[in-house]
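Structure first, commentary second.
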Amino acid sequence: MRHPITIALAATAILTGLVAGFASNYVLFLLTSAAVSTVFMQSYGLITGRAGVIALCQLSFAAIGAWTVGWANVADVPGGFVVWLLLGGLAAVVAGVLIGLPALRLRGVNLAVATFAFATALDVVFTGIAFPGQDTFQLVRRPAGLTDDSSYFVFTVAVVALIFVGLWFLDRSRVGGALAEIRHSERAAAAHGISVVRGKLTAFALSAFVAGVGGGLMAGQLGIVAAGNFAAFASVAMFAIALFVGTNNIEGAIAGGLLGAVFPVLIDAVGIPQDLAALFFGVAAVQVLRLGGSQTDLLRAQRRQKKAAKNPPAPPSVPPPPLIPMRLRAVTDSEPALEVRGLRVRFGALTAVDGVDLVVPKGSVVGLVGPNGAGKSTFINTVTGFTGQYEGTVLLGGAPVDALPAHRRARAGLRRSFQQLRVPTTLTVGMFLQVAAGKPLTAEEIDEQLALFGCPAADVPVDTVDVATRRLLEVAGLAAGRPPVLLLDEPAAGHSASETRLLQQRLAEIPERFGSAVLLVEHDIELVRSTCDIVVVLDFGRVIAAGPPERVLSDPAVISAYLGTAPTTSKETS
Ligand SMILES: Nc1ncnc2c1ncn2[C@@H]1O[C@H](COP(=O)(O)OP(=O)(O)OP(=O)(O)O)[C@@H](O)[C@H]1O
């Protein structure tokens, strides 16, 4: 079977050839505008669709690209139009990084406001200083072969196709997986060792490049561009379209390009002022908030669900490896993989963790239990760098990690799962495993790991998999990275008895199979009893018991902490 990219490119070539050969100049002009708009949509698809960043300045990057092409034309920079286009893209990257660096400290609405402020400022600047060649009517010169409308249309479609191919590969790369995870949950991304700032900056730079090339293409199409072509409000209208159609998907980007360029002309034809198009786009974007996703995301999810209902997710092609026979582990003499000394965390007047000392020896599974609100999640959050302010020291393999942010602690080998499931639903099972492992895995390694944890095959989309399997998948991914320490926050939540049994077997053998020491937070006491070498009990942020499971879990103080009654002493009972 031919590669889907080859088929798509061949179909595009045939269709483009037909349009170029038979369409009128007006239609060609309109479709070239749609292709240029598609490039802008691809740029939104990178920054908003893939990285989840609300950026309202993509047309400003386009303006920088167009300005550079205009300047290169006037200055007669060697290399010609194609080189100028690339220069335009690169100039936009510089602007993207310069804006991205300070802006990425912000989030959500604040970031949106900052990018819009930049768009407005640049709008004012470009209105004040004319584009090169604008005053002297110097048209951007296209190379021989691209001078007529039909050949320029073909060229523009070729650029669009090239960008789509790049995006296709990006989506299947580790960078693409990292961006998907950043979009879904920045905390989960950091827990997998991904630098959220670097990821967003990469998305900013790539999207600026694409927008810059789009601006250059527009300059080539129109010959002369002006500030009005890239007005700040047009950026917002484009953003609204992108949000509505979902430009992270190829069909969404194409639909967005067509909407942006053709819709205003269509409504004009039926007597509605073109400027009202932005209003329609705004209303459409609000629908996204109501429906919880873009049109193409929702359609794709529907299609996946239907397909999964017809053919249940297939298991991996390899059989699960045999269980490692359980040995009695002598872990108390092992060196500490993780050592926490005097950890204290306060939330205002509440001391959630109150001077906790805890050691996870190499090769062990340590259970951390306690009633609701005892401070278990706060302990994990703090140790892994997600709670900024704390007293005490966290040592990984003997070295303090207190100065490191969450993603660097993860890279150093402190990997964690979250109580609330944070598996991105847009990835396949195999892609997620790769992202969670935080290191390259071969296809065989991925298949083996999936089989070991009873997960479906690598190409199955995550959103067709049930929640319990997603939890198993998360543990499988983390373990595949073979980190020195694995902190699991209630991995059995929502599991059936048979799923818990599988998890129990896998957890128990993680130290031998993957060389990771495990800190397990769990409410399922039977799972803790059967899996852990040591159990530590927290109550009101303090350790009230620690030692072998049988002894600790039958301790009256522990039983009373769980039941919420004061421990009965022998004196009182007598
Ligand atoms: N960000 C926060 N701000 C203020 N208080 C917090 C915060 N996070 C946790 N707490 C409080 O700290 C205490 C410990 O909470 P934590 O979630 O760590 O307990 P837990 O043992 O994990 O509970 P559970 O088993 O229900 O998950 C609780 O009283 C909780 O309300």
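Cβ atoms are placed via backbone N, Cα and C, with glycine included.
According to TrEMBL, the protein carries these features:
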- 312-323: compositional bias 'Pro residues' (COMPBIAS)
- 338-565: domain 'ABC transporter' (DOMAIN)
- 303-323: region 'Disordered' (REGION)
- 6-31: transmembrane segment (TRANSMEM)
- 51-69: transmembrane segment (TRANSMEM)
- 81-104: transmembrane segment (TRANSMEM)
- 111-131: transmembrane segment (TRANSMEM)
- 151-170: transmembrane segment (TRANSMEM)
- 201-218: transmembrane segment (TRANSMEM)
- 224-245: transmembrane segment (TRANSMEM)
- 252-270: transmembrane segment (TRANSMEM)
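Same-chain residues lying 6+ beyond the ends of the transmembrane segment (201-218) with a Cβ under 8 Å from its Cβ atoms: 35-37, 39-40, 42-44, 46-47, 50-51, 53, 55, 58-59, 61-69, 84-86, 88-93, 95-97, 99-101, 104, 156, 159, 163, 170, 175, 179, 225, 229-230. For the region 'Disordered' (303-323), the DSSP-based tally of helix, strand and coil residues reads 8 helix, 0 strand, 13 coil.
Residues 40, 43-44, 81, 84-85, 87-89, 91-92, 95-96, 99, 108-109, 111-112, 115-116, 118-119, 122-123, 126, 131-132, 140, 179, 182-184, 199-200, 203-204, 207-208, 211-216, 218-220, 225, 227, 229-232, 234-236, 238-239 of the same chain lie 6 or more positions beyond the ends of the transmembrane segment (51-69) yet place their CB under 8 Å from a CB of it. Counting same-chain residues at least six beyond the ends of the transmembrane segment (81-104), those with a Cβ under 8 angstroms from any Cβ of the stretch are 57, 60-62, 64-69, 72-73, 111, 114-115, 118, 140-143, 146, 159, 197, 200-201, 204-205, 207-213, 215-217, 219-220. The stretch in closest packing with the transmembrane segment (6-31), judged by the count of Cβ pairs under 8 Å and taken from 111-131, 151-170, 224-245, is 151-170. A Cβ distance under 8 Å defines the sequence-distant neighbours of the transmembrane segment (151-170), meaning residues of its chain 6+ beyond its ends; these are 5, 8-9, 12, 16-17, 19-20, 28, 31-32, 35-36, 38-39, 42, 45-46, 50, 85, 142, 145, 176, 179, 206, 210, 213, 217, 220-221, 250, 253, 257.
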